[in-house]
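Q: Could you have a look at this structure, given as structure tokens, before my questions?
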Ligand code: SAM
């Protein structure tokens, strides 16, 4: 039996592997593993991106927290990165009229459509347009177009590094409607604290409401993962539980019960442990 070990500041994962395929694209190294514990696993430049068994946690949390916070019909969503398709699949559950996805690496999308058909199931929906280009360039000059921008990027090395800067967040803000919301994956506060802190401090330079939140994701470094919500007018913690319960119940009537996100998770995810607060305040 082969083994794959993710090298991530000592907090990476080791899994037994039945088979693997590795190749290079112009942007990154792709590794597709068939693992004992998590089913198929996509690894880019040595970092785990998604697995069949635990993908729902990441994708539900990056989409439903901001879209339920928006609290009105969702018209247009932009996903930056997200080549596996899971974020688009979840965003479509909010019945948007349009979802744009901008992914730098066409080969990630092609591989995921073939190897992860359940995760990529929304990518052929007629409301979805996929642009194969750099998200940083794509968003420049866009004005008041999107209800939500979801930054589903990889770690801040290689092509994703530009998606963590203050200048990029300024362009994201311009691309949003005035009551729009943005969320980004913001790394592991335990294993990648510096990157987590950079996201929060850069978002705070641009948006008035900035709220990090957590989810437990077994295959990500240390398991403790974060996302950060930002907006100039919406706050996930100002939505009343009664209102959110109503929104969720009408969603569930049409789309069924989600696997991870629920009313308690919506608020509980924003509870940040003391060691993280103390390091942020240092
Ligand atoms: N769930 C993941 C995580 O946090 O590990 C992210 C998944 S998704 C596969 C990340 C995608 O972002 C990759 O497919 C990568 O090609 C894409 N990406 C990286 N930099 C990008 C950029 N500058 N513009 C658009 N897409 C980018």
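Using N, Cα and C of the backbone, Cβ positions are placed for all residues, glycine too.
Residues or ranges marked as active site, proton acceptor by TrEMBL: 152. Here TrEMBL flags 28, 103, 134, 135, 159 as S-methyl-5'-thioadenosine binding site. The spermidine binding site feature in TrEMBL is assigned to 59, 84, 152, 153, 154, 155. Taken from TrEMBL, the feature domain 'PABS' covers 1-232.
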Q: So which of 59, 135, 155, listed as binding-site residues, have a Cβ under 6 Å from an atom of ligand 1?
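A: Only 135 meet the Cβ criterion.
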Q: Can you tell me the CA-to-CA distance separating residue 135 (S-methyl-5'-thioadenosine binding site) and residue 154 (spermidine binding site), as a whole number of Å?
A: 12
Q: Have a look at the recorded positions (84, 103, 134, 152, 155) and report the one with the fewest Cβ neighbours inside 10 Å.
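A: The recorded positions 84, 103, 134, 152, 155 were compared, and 134 has the fewest Cβ atoms within 10 Å.
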Q: Around residue 59 (spermidine binding site), how many other C-beta atoms are within 10 angstroms of its C-beta?
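A: Looking across every protein chain shown, the total is 26.
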Q: Of 135, 159, which of the binding-site residues has the most Cβ neighbours inside 10 Å?
A: 135
Q: For the domain 'PABS' (1-232), what's the model's average pLDDT?
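A: For the domain 'PABS' (1-232), the model's average pLDDT rounds to 96.
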Q: Near residue 103 (S-methyl-5'-thioadenosine binding site) in space, meaning Cα within 10 angstroms, which of the binding-site residues do we find among 59, 154, 155?
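A: The binding-site residues close to residue 103 (S-methyl-5'-thioadenosine binding site) (Cα within 10 Å) - there are none.
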Q: When DSSP states are folded down to helix, strand and coil, where does residue 154 (spermidine binding site) land?
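A: For residue 154 (spermidine binding site) - judged by DSSP and reduced to three states - the answer is coil.
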Q: Measuring C-alpha to C-alpha, could you say which of the binding-site residues 28, 59, 134, 159 are within 10 Å of residue 152 (active site, proton acceptor)?
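A: Checking each Cα against residue 152 (active site, proton acceptor), the hits are 59.
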Q: Give me the largest Cα to Cα distance among 28, 103, 134, 135, 159, the residues the record lists as binding S-methyl-5'-thioadenosine, in Å as a whole number.
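A: If we measure all Cα pairs in 28, 103, 134, 135, 159, the largest is 16 Å.
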Q: Whole-number Å distance between the CA of residue 28 (S-methyl-5'-thioadenosine binding site) and the CA of residue 59 (spermidine binding site)?
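A: The Cα atom of residue 28 (S-methyl-5'-thioadenosine binding site) is 22 Å away from the Cα atom of residue 59 (spermidine binding site).
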Q: Would you mind listing, in sequence order, the residues at least six apart from residue 153 (spermidine binding site) in the same chain with a Cβ closer than 8 Å to its Cβ?
A: 80, 81, 135, 160, 163, 184, 185
Q: Provide the three-state secondary structure of residue 103 (S-methyl-5'-thioadenosine binding site) computed with DSSP.
A: coil
